[in-house]
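Novice: Sharing a structure below in structure tokens format, with a few things to ask.
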């Protein structure tokens, strides 16, 4: 993930040369700045301080410290003279120097679909997606990733002792009782007499599964001299020329020669008595290990045992211990495992879907079944159902995000823009609308306050917590990170505009509303003394609501029309007239021997079906969450403000937070910041106007008048974020400041009293 090339701008850009000089000089000084995904094999040499290796890379393009032989002719780049070094360039502002400083970053992808996805990541208003939407070429994968997808049948050289913490964990969790089960099954097979060969097999496998590391299960061929004509004759072999040693002692049936093996009496007894018990045990081990993710090698071990080893004739299964000086084994290796735990399995994907999203998918089914079948809470309580519904939103948000990214990457700009605008905020809007509908039916104003708290929590979290966390995690790996301050400035300007527009009706009500208090006490016992009042608020319904219906409500509708219009102007500015502010050029290049055709994980129709199904399940989960949130709001001692700004606001954004962290780890902080900014902008400029529009057709208790705490927290967050992002660079300390401020605001919400009406 490296900036690939620099292109000199033509004379037509001379009018922008002076204003862009500093920015492009900063891009030269930080070659490792705004980065993106790449699939080609790139080599980035270290550039000494004060020197920048530059050379002609074909077609009038300058290569910045990068050699890319397959895409450009090989060339040994000369070193710039001292007069042309970046520091002197940035100190001078003449047209000639600035012309040499104006650069353009080129990012490469494996194919056109990935290039389109990368391009969409840098478009304002499009969902930023880190994961690949196409299958990566196998030769481009690292050895660590290749090991994740191995079938545990590869014998490699000695890698040290097999006594590791992960292997000991396997022994404690699975090995001892799995080995004991095999011993019991072996005893049962010996008792049946006809199943004695399978008893010897289970006895060997008992020792194997107690400690399978450094051992191998092999499928061997039977010598022709032993293939007798009878269907079920038995005998004891003395030696095997194939293995060069004695054959394990077993009472071996000779009926594996053809399909009559399955008609043997011993096989029937095995399939009826021994095999089902072992299948259940290995199934339990497989599911448990798969859910723990890091133990997926154990899951593969169990699955391969059930599917291959236990269905082979016992004569053809041999268990051996590998030795360092042993020659390569002959015959097919079925199982060979060295480690039970691999921490890199968080990268594992099934058909392009991350393993965590796969593991959480059954949770969605359990949530829907419990929520709609057990409607009277006979099996579980309301808090449990609310927690399950909230957790189910996370994988559904992931599937919606990947479906949007897949459709956008395989479609033109217009289709991608429509899909992102339609489904980009569907996760949050689904929950908000269902909560407002339930509050309107019950006549409970608390639901509207919860929605306002969730909106404010999303805004504050995406402005402070998301970029701050990405800065901290990215700053641990990179001492200083740079980002495109001008593109971040566009989002910051829209944030200022949107926050001002959203809270304009609130400020208007503070100025012209009448302060009404629920209860007042005279502190000094003097009629002219001081009064202590409780539950005070600004009443907008004085004189039959004249102030609200004549002044505040028209202002709300006006703001709700202006904010989406400003959002569209921002889209037109960043995507059409001033798209050059991103300085990103996406190109697809192919290494020799690679397949040029893209193999997408999800086709457009498949992604569309998944998108619609995920949206439907999201609506159901949101309905269950709002249905069972009432006991939590009424019985909990925690402020409803805190529940709204934390749980309801940030849980749906967890997939976006993970994407931002992954971008930050690759030194691509621009996209990490844009993820938070785009969500915050969409909250103010799209989600809130949609909710206001919804209240026109379906009257609810939602009004665009927020509490003072929401106003102050939001405005302070936006001001602080713009102050941090002024210089276009950051480190982990600035990220820590943002995260600490976010936690301070959470503490304020935690100790704040519940809103009126709850």
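A Cβ is built for glycine as well, from the same backbone N, Cα and C atoms used for every other residue.
Keep in mind the model is a prediction, meaning the values are calculated, not measured.
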Novice: Select from 488-508, 509-529, 530-550 the stretch of residues annotated by TrEMBL as transmembrane segment.
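Specialist: The listed stretch tagged transmembrane segment in TrEMBL is 488-508.
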Novice: According to TrEMBL, which stretch among 324-344, 555-575 corresponds to the feature transmembrane segment?
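Specialist: Going through 324-344, 555-575 one by one, TrEMBL flags 555-575 as transmembrane segment.
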Novice: Looking at 144-167, 168-191, 192-215, 216-239, which one is transmembrane segment according to TrEMBL?
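Specialist: Of 144-167, 168-191, 192-215, 216-239, TrEMBL gives transmembrane segment for 168-191.
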Novice: Are the transmembrane segment (607-626) and the transmembrane segment (704-725) near each other by the rule of at least 3 C-beta pairs under 8 angstroms (pairs 6 or more apart)?
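Specialist: Not in contact, no.
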Novice: Looking at 277-298, 454-476, 607-626, 679-698, 732-752, which one has the highest count of Cβ pairs under 8 angstroms to the transmembrane segment (353-372)?
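Specialist: Between the candidates 277-298, 454-476, 607-626, 679-698, 732-752, the best contact partner of the transmembrane segment (353-372) is 607-626.
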Novice: How many of the residues that make up the domain 'Inner membrane component' (165-215) does DSSP mark as helix, as strand and as coil?
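Specialist: Reading the DSSP string over the domain 'Inner membrane component' (165-215) gives 42 helix, 2 strand, 7 coil.
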Novice: Same-chain Cβ contacts of the transmembrane segment (732-752) under 8 Å, 6 or more residues past its ends?
Specialist: 453, 460-461, 464-465, 467-472, 474-476, 638-639, 641-642, 645-646, 709, 713, 717, 720-721, 724
Novice: Tell me the residue counts in helix, strand and coil for the domain 'Sodium/calcium exchanger membrane region' (607-749), as DSSP assigns them.
Specialist: 116 helix, 2 strand, 25 coil
Novice: Go ahead and report the DSSP secondary structure tallies for the domain 'Sodium/calcium exchanger membrane region' (384-503): helix first, then strand, then coil.
Specialist: 104 helix, 2 strand, 14 coil
